Amino acid sequence: MAKEVFMPKLSSTMEEGTLLEWFKEEGDSVEVGEPLFEIMTDKINIEVESYEEGVLLKRYYDVDAEIPVNAVIGYVGEEGENVPENPPEAGADNGEGAEEETARSEADASADEVQDGTGDDKVRATPAARRIAREANVNLASVQGSGPKGRRHEHDVKNVLDSTKATPLADKIAADQGVDLSAVEGSGPHGKVRKDDVLQHTTHAAAQSVPADDVERIKLKGLRKAVADKMVQSTTEIPHVTLTSEIDMTHVIDVRKTLLPIIEKQTGYRVSYTEILMKAVSQLMDAHPRVNASLDGNEIVLNKSVNIGLAVAVEDGLIVPSVKDADKKGLAQLTKVSKTLGQKARDNKLTPDEMAGSTFSISNLGMYAIDGFTPIINPPETAILGVGRIVEKPVVIDGEIEVRPIMTLSLSFDHRAIDGAPAAAFLTDLKERLENPYGLLI
Amino acid sequence: MKCYNLAIIGAGPGGYVAAIRAAKEGLSVALVSGDDLGGTCLNRGCIPSKTMLKHVEVIENIKGAKTYGITVNDFSFSIKDMVGRKTKVVKTLKNGIKALMKQNKIDVFDGIGTVNKDKTVVIKGGGSAETIQADNVILANGSKPFIPTLPGIDAVDYYTSDTIFDIEEVPSDMVIMGGGVIGLEIACIFNSLDTNVEIVEMADRILPTEDREASDYMKRELSKKGIGIQTDAKITGFSKNGRKTVVEVESADSTKNTLETDSVLVAVGREPNLTGIENLGVTFDGKFVKVDPNLQTTVDGIYAIGDLIGGYQLAHAASEEGIRAVTHIAGSAPPPASPIPRCVYTFPEVASVGMTEDQAKKHGYRIRTKKVDIAANGKAIAAGETSGFMKLISEEKYGEMLGVVMVGAHVTEMISQATAYMHLEGMVEELDTMVFPHPTVSEALGEAGSAWLEKGIHYS
C-alpha cells in the first residue's frame, strides 16, 4: 500500500514550506532514512528523510513550490501501485493505508480551525486561507468554503478577492493595457482597485524600467525574508531601550589566557569571550529573572531554564541557535556546544530543536571595529546583549591614568517587561562579575 | 484648562460633521460654534433658500393649476408667515444638531474662538473668556458675502444672502448683482412673488461655472418667466433717487444704462471669514487658506476646511473635507477622492457632477457628449414638467463618465445616480444595461447612456 509523503510541520509557527530540491526521481527506490527532498521554512533549510522503504511513485510539486504543512507532496510504495493523479487534500481521508498519518494531519488542521471571533459560527479555514483573508481584510465568514465541512481554502478566498477587486473602469483599463490587476495595490475599500491605481501602477512600472540596468534587484525570500519579517516584528512590537556600559577586561583576558590551553586540550575547541560572557550572564539570571523571560500576550513568563541564543551570521542571513541550560554547563562544555552549533548553523545543518527555546540572546560583533550598537531583541525574549570589540583605552584608576582593555556591552531590553532600573542593575552586576571574574568560579 | 484631542472652529456643515466623525473615532472634541450652530448653510443659506423656494413653488403650482383643469378662484400669501415658517424649519434642524452634539458628547462653546499656534483656543462670548488646549485644530470658519467696493454702495441699502431671507415686505422690483447660484435662486423666489427682477452678471453667461448648455438653457427659461438678464454687464456705481436706488450698468461695448429699483441684492460671491486666525501664521493662497491634500495648513496639526480654503463652496464639500481631515488626524488612510455634485434649486433645477464639457476638453480627454431632452419623457409630460435635459460627457476610449449635467424639475434628487456611477467608476456600457423604472424622469439618464453608445431606444 502506497504511503503519502507529507510536508512536515517543523515548528509551531510554520504554515508552509518551500520545496528546494528533490533528491529522487519518480521511479527511484528509497531507503528508510534516506534524504528524499529538501525544504526551506521561515527559519531553516532542512533535508527531509523518507519514513518508508520502496519506490518514489509520485512527485506532485516542482522546485520552488510553496506547500502548506501536512499537504501530500508525493507517494512512496511498491512499483506499479496506483496513486492519485493530483495531490489529495491535506487531512482528507485517503484510505486505510494512510490512517495514521491522516489522523495526525486532521489533528493539526483542526487545531488551526479556531473560532473567528466574529460570530457564533465556527469558521473553518486553512492557515493559508486565514493568512490571505487577514492580509486582504476579508471576513472569512463571508467566504464560501469548498473543503470538507465547508472549510475555506486559499483558492476560495482568492476567488472572492478576484471577483471584487476592481472597479469596472479599472478592470477595463487594466485589460486594455495588459496590467495584471493582482499586482496593483487598490486604494478603495477592501483593496478595490480604482482607475488611478492602475494608471499609477503603469507609470510606476514605466519609471522602474528606466534605470533597470543601474541596479540589481534581489527578491526577499527564504531566510532573508524570515530575518526581514522578524526584524520588522521585533522593532514594531517591542519598545526597545538600549543601555551601554564599558567593561575593564583586564582580568577576563587573564582568565581566558589561562583556560585556553586547558579547554583546548580537553575539547579541541578554543574558548572565546562569547562563552565567558555566556557563563557570566547565565549565572546572573537567578537574581534577574525578568531578563530571562518571554512576553506571551499579556503575561510575562519567567523561564526556569537558561537557554542562551547565539546570533550567528550565515550567508545572507542571521540564525540564532540556542545553547540549552547554559547555567548548568561549565566553560569547556559551553565552548564545545557553542562552537558545534555555530558550525552547524553555517553549514545549514541545525535541527529545529537546536534553533528553538532560547530565553536570552548574545550578539557579538567584537571581531569588527565596533564598540557599541543597539541589538534588536529576538522575540519572545525580553533582552539581548550586544558585545563590542576590546580596545585599549586610557582610564583613570585611583587618580592615575592607566591603559586598560575596554569592551562596551549594549543591553537592549523590552520596556514592556523590564524597567530601566532592573535592567541597569543586571548590566551593573554583569560588569562587576566580568571585572572580578573569579566570581565565575563560585 | 480643558484639554481636547480636537478643537473645531465653526459649527457649519464642515465643522459639526467633522466633530461627529471625530467623536465616533474616539477623539474628545470641542466645537467652537460662534453661536451659529449649522453655520451659513442652516441659518442663512441652503435651508432658508430651499424653504422659501418650496413656498414659491406652491404659488407657482396654484398659478399653473388651470393647465391641470383645476381652477383656483383666489389666493393670497403672507411674506411674514413664509419667513416665520422658514425660521421654524431652521430651529427644528438646529435642535437636531444640538441633540447630535449631546449624543456624541461633543462640548459646544458658544463664543468666538481665537486660535494660537500652540493649539490653545481662546473663546470669547457673553462677556467671558475661556481658554482650551487641543492636540489638533480644524478651522471651519466659513465665509461671508463679498461686498465689492463701488462708488455709492455705502450710501444705499442692499440685501445679501445674510439678510434677504428675513425680508419683511416683498419689493416691487429688485436688481440682483451677480448671476451665480445664489443670485439665480433668489431671482426665482422673487419672480414668483411678482417682483420685477433684473440680474446683472459680469461674465458672458449666467451660472458661469456650470456647463455652457445649462447656462444657455437657464437663460431662456428664466427670461420666459420675465426675469431680466444682462450678461457681460458691470455695475459701476449706485446712487439714491428719493426712495429709489439707481444702479449704473456698463456693458461690454461700453454702453451705459441705469436701472431704478426699490431693492438691491449683492450676490457676487463669498470671501473667507478670517476672524480669530489672523495671527496664526498659516499660509494663504490668494484669499483662501492654503492646505495640503490632507487639509492640513502650513502649521502642523492645524487643518482648514470648507469655504475657508476655496474650491467648491458647498455644504457637502465642506462636510467631505471635514471627514477627510478627521481621517488624517485619526491616522487612517484617506479614501480616494470622489466627485462633488453641484445643485442649483431654480425653476427648473440644475444639477451636475464631474467635469463640464469645456473642462473635459481642457483636460485633454477625447470626449463625446449626448444630450437627451426631458420633453419626450413620459413621466415629465404627465406631470407637465417638460423643461430640461440630461447630458452625458464621456471619454471615448474606455467609456469613463467624466461629467453629467441635468436640467429639469427634481434633477437635484436624481444627480446622485450619476454620482454613484462615477464614484464607483461605472461606465457608459453599464448605464446602458442598468434597468431604470418606468415611468420616471430618471429614465432619461439611462437613455443618455444608450444613445451615447448609439443604442438609444426613444432617443438617438
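Positions of Cβ are set from backbone N, Cα and C atoms, glycine also.
Predicted automatically and left uncurated, TrEMBL annotations should be read as such.
According to TrEMBL, the feature FAD binding site maps to B:LYS50, B:GLY113, B:ASP307. Per TrEMBL, the feature NAD(+) binding site maps to B:GLY178, B:GLY179, B:GLY180, B:VAL181, B:ILE182, B:GLY183, B:LEU184, B:GLU185, B:GLU201, B:GLY269. Marked as disulfide bond by TrEMBL: B:CYS41-B:CYS46. Annotation source TrEMBL lists domain 'FAD/NAD(P)-binding' at B:4-322.
Recorded features from TrEMBL, shown on the structure.
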residue	record	DSSP (3 states)
B:CYS41	disulfide bond	helix
B:CYS46	disulfide bond	helix
B:GLY113	FAD binding site	strand
B:GLY178	NAD(+) binding site	coil
B:LEU184	NAD(+) binding site	helix
B:GLU201	NAD(+) binding site	coil
B:ASP307	FAD binding site	helix
Most crowded position, judged by CB atoms within 10 A, among B:GLY113, B:GLY178, B:GLY180 as binding-site residues: B:GLY113
Same-chain residues at least 6 apart in sequence whose Cβ lies under 8 Å from B:ILE182 (NAD(+) binding site): B:SER49, B:SER161, B:ALA267
Most crowded position, judged by CB atoms within 10 A, among B:CYS41, B:CYS46, B:LEU184 as recorded positions: B:LEU184
Most distant Cα pair in Å, residues B:LYS50, B:GLY113, B:ASP307 binding FAD: 30
Rounded to the nearest Å - Cα separation of B:CYS46 (disulfide bond) and B:LEU184 (NAD(+) binding site): 13
Among the NAD(+)-binding set B:GLY178, B:GLY179, B:GLY180, B:VAL181, B:ILE182, B:GLY183, B:LEU184, B:GLU185, B:GLU201, B:GLY269, as the record gives it, the longest Cα-Cα distance in Å: 14
Spatial separation of B:CYS41 (disulfide bond) from B:GLY113 (FAD binding site) - C-alpha basis, Å: 20
Mean predicted confidence [pLDDT] for the domain 'FAD/NAD(P)-binding' (B:4-322): 96
Local Cβ density at B:LYS50 (FAD binding site) - other Cβ atoms counted within 10 Å: 16
Candidate nearest B:ASP307 (FAD binding site) in space, where candidates are the recorded positions B:CYS41, B:LEU184, B:GLU201 and distance is Cα-Cα: B:CYS41
Output field, NAD(+) shell: CB within 8 Å of site CB centroid, site B:GLY178, B:GLY179, B:GLY180, B:VAL181, B:ILE182, B:GLY183, B:LEU184, B:GLU185, B:GLU201, B:GLY269 dropped: B:ILE176, B:ILE186, B:ILE199, B:ILE206, B:LEU207, B:ALA267, B:VAL268
